[in-house]
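Engineer: Sharing a structure, written as structure tokens. Questions coming.
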Amino acid sequence: MAVAVPPGRAAGSGWAWRPVARDALLARAFHSCTELRGRFYLVGGLLAGGAREPSSDTVVFDPARGQAVRLGARGSPPRSHHDAAPVDGRWLCVVGGWDGSRRLATVTALDTERGVWEAWTGTPGDCPPAGLSSHTCTRISDRELQVAGREGGIHTQRRYGSIYTLRLDPSARTYCYKQEGCHTASRSGHCAALLQTPGPHPGHQLLLFGGCNLAEPEVAGHWSHGKIKEEPPVAPHLMEQLARLVSSGQGSQKGPHGLRHHSCSVVGPFAVLFGGETLTRARDTICNDLYIYDTRTSPPLWFHFPCADRGMKRMGHRTCLWNDQLYLVGGFGEDGRTASPQVCILDFI
């Protein structure tokens, strides 16, 4: 178990990744991992570092039983560096990514009731990105996603990031991209967090972290009170534990500099980031640090909790929130080539 207790701190102010399952089916990186009806759906990814061809399989992990099975649904798309989101509690929509030959902006959906993959089609008014990989898709309603990332094909990449609203219609099996009027910094391998804004004028904002040589988060969208209908998972115990951990640390207004291919999960007022690859070093680039972005204060504060266990270095992994626990799934380890078959939960000591 990877344990990290800050020097001079007592028990109760440390954290650990505690292994709860291990299966070779889960060993992958740059995959998507999406919770839907109490199951984690892992789609695609790279099975080894340096691989050019992404996996085309879908693995379902049952966190209650600690068991993984390969889904037999036909038509599972080969994808890596994509993102995915649940829709209407039934469909798993995979957006963009690398298929082994090009970057895509298409939507492919798994009907979890019928066990069938479907290629959805763009509507006549659709204005899709040129191509997406290492982007983010954030639910802002049950049928709307906010897509953020750098567009481009194999040979050309934009010098800025684009923001799209992606509307999904499961009954018609269609989707429609609408480009928003603003741009962001050129980011790839970043993460996104939809967080409530405190203060006298509450609302929501979408923040982008990392994916470029910057430390500051960037606002990619802002909604006034009542506009966002998306209800985040309730995790009161985990939120309490994170608050206790933060109270043992020293906050800073500066976040991690030049981090990419890390994970991010929103737990109440906290964005919890882990691992990733740093752009600030030529060697030993894969990280095992825990960062917590606390929005309860104004301005929000960063808290950094290092980990001494090099075996927990990860990049291209995912974290997933379920049943008041934060799960860590997959990713390449310290060598940047070997995918982890472990599932861990964030524990506190």
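Each residue's number is its place along the chain shown, starting with 1.
Each Cβ is built from the backbone N, Cα and C atoms, and glycine gets one as well.
Pulled from Swiss-Prot, these are the listed features:
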REPEAT    39-89  repeat 'Kelch 1'
REPEAT    91-137  repeat 'Kelch 2'
REPEAT    325-349  repeat 'Kelch 3'
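For the listed features, I'd like the structural context: burial, neighbours, distances.
Structural biologist: In the repeat 'Kelch 1' (39-89), helix, strand and coil residues by DSSP number 0 helix, 22 strand, 29 coil.
Regional average pLDDT for the repeat 'Kelch 3' (325-349) in the model is 97.
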